[in-house]
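*Asks:* Can you read through this structure? Questions will come right after.
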């Protein structure tokens, strides 16, 4: 499956928006004129998670008291549960469940270590790709998918071989899937960039041939420089100092008509936005590199050994882009865009393939994201107290999760002769509590802890999914890392590779997601039932139903339908898989 590339192009097409800090986002894939590839623009920026106590926006939210109310209520509920258990059974908790999920723990830990260590093979693959020993399209793609399939088959086979309980089997399977997604993104992005590098080299050769008609390369460069000086002089005379986001400005940004959702960001404006974002991030501990020094280092002729040319980028386009000959100018523009994809968006401006190192891969594996980039927004230090806070929160919340599971889920495990609706009623609230606690452990505690350890500044692992008015909105917001992966490497990628329509690509995405979810249930329950598979695919007509004007207009009704579905879904799956 082909990759959609890097989000570094100055031209952005599709439905999108710009935040107050200057970060640009789009919600649909777009095409680059030069590479002709359909890509999903996944943007990383310094952000904090909604429930982080260090998040100033959350602290100032008018509903912040409900967060304190929730944890206070959970604490009182847990103490009450312990007291009643002591009065009834003579102990606060039954540890039978603990003995089950601690079974064969050493083997599980060693198996997981082998799984993680085996992913380093990807670095050797990427080095072979960058050296030209393997062409990614399509030899590399085949090797990549054989490797990923082998990892999955071995992981699934190993769980059945060890006869682990459902907790160990579920953990090892899910972690294997996470590793597969991470290595897929790493291999696919580096493979795609090999293709971009070859295209840029071909474009440079075309550019050299085009300048032959203008008296040669040096003569064309001189003409372009003179033409740039003429344009700057004319611009200085006629400039009115208009904003680049309003009417046409001296930088060449065209006016955007009202109601049109297409925008153009010229290289100078793109550079200004990045600098503004970096400067605003200082308060959050984000490194603000010396952009001028870094860009100047890219102009070192030794930086591009294949061509002995400076490395053009968004902030530093090729000089021939200013040539009066339209053909030369267009080729130079396309060449600059292709070269821009080989350079990260800053502040370090890493150039491919200098990113292909074991150290870079190790840091990527530590970063809680499933989408590989040449560079991520980073913090300048690790806060030990923050890591300690998230560690304590992880174990504390796990105790609450264990209490709910041991006291209110396992004792009410349904059987085939038990009333179906009574089982749903008994399990609805405990499963919802368990889901909320598990969500908090994974996305607020563990992800933030690993982000802090890896100095990863983008902490938006989820959005306000609790306000969702449809299943489509929920799937976008509750698990941002997986959504970003599916958007780039499945949805947009299938549109590129197989020329699918948006509707067909969405169906393929849901189908793959349903297959993976059902695989996990098969491994955990040792049953082929396809209940979860069916529920996943049912979301497609539900999404269409939520687009009905009556439902779409009523946010309250949409949110109510969402919560009822979520409340019913968990116990329904439990009863279906356990009792039937």
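Cβ atoms are placed via backbone N, Cα and C, with glycine included.
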*Asks:* Region 'Disordered' per TrEMBL: which of the ranges 276-297, 298-319, 320-341 is that?
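*Replies:* Based on what TrEMBL states, region 'Disordered' spans 298-319.
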*Asks:* Which one of these stretches, 347-368, 369-390, 391-412, shows up in TrEMBL as transmembrane segment?
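*Replies:* Residues 391-412 are the ones TrEMBL records as transmembrane segment.
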*Asks:* Give the range, chosen from 432-451, 452-471, 472-491, that TrEMBL lists as transmembrane segment.
*Replies:* 432-451
*Asks:* State the residue range annotated as transmembrane segment by TrEMBL; the candidates are 42-62, 105-125, 210-230.
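*Replies:* Result: 105-125 is the stretch TrEMBL calls transmembrane segment.
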*Asks:* List, by number or range, the same-chain residues at least 6 past the transmembrane segment (172-193) whose CB is under 8 A from its CB atoms?
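*Replies:* Beyond its ends, the transmembrane segment (172-193) has Cβ neighbours at 1-6, 37, 108, 111-112, 115-116, 119, 122, 125-126, 129-130, 136-137, 140-141, 144, 147-148, 151-152, 155-156, 158-159, 164, 341-342, 352-353, 355-356, 361, 364-365, 370-373, 482, 485, 488-489, 516, 519-520, 523-524.
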*Asks:* If I count Cβ-Cβ pairs under 8 A between the transmembrane segment (391-412) and each of 66-85, 105-125, 137-160, 530-548, 560-579, which range comes out on top?
*Replies:* 66-85
*Asks:* Where, among 105-125, 137-160, 432-451, 505-524, 560-579, do we find the most CB pairs under 8 A to the transmembrane segment (530-548)?
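*Replies:* Between the candidates 105-125, 137-160, 432-451, 505-524, 560-579, the best contact partner of the transmembrane segment (530-548) is 505-524.
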*Asks:* Take the transmembrane segment (66-85) and find every residue of the same chain, 6 or more past its ends, with a Cβ under 8 Å from one of its Cβ atoms.
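*Replies:* Result: 51, 58, 91-94, 400, 403, 407, 433, 437.
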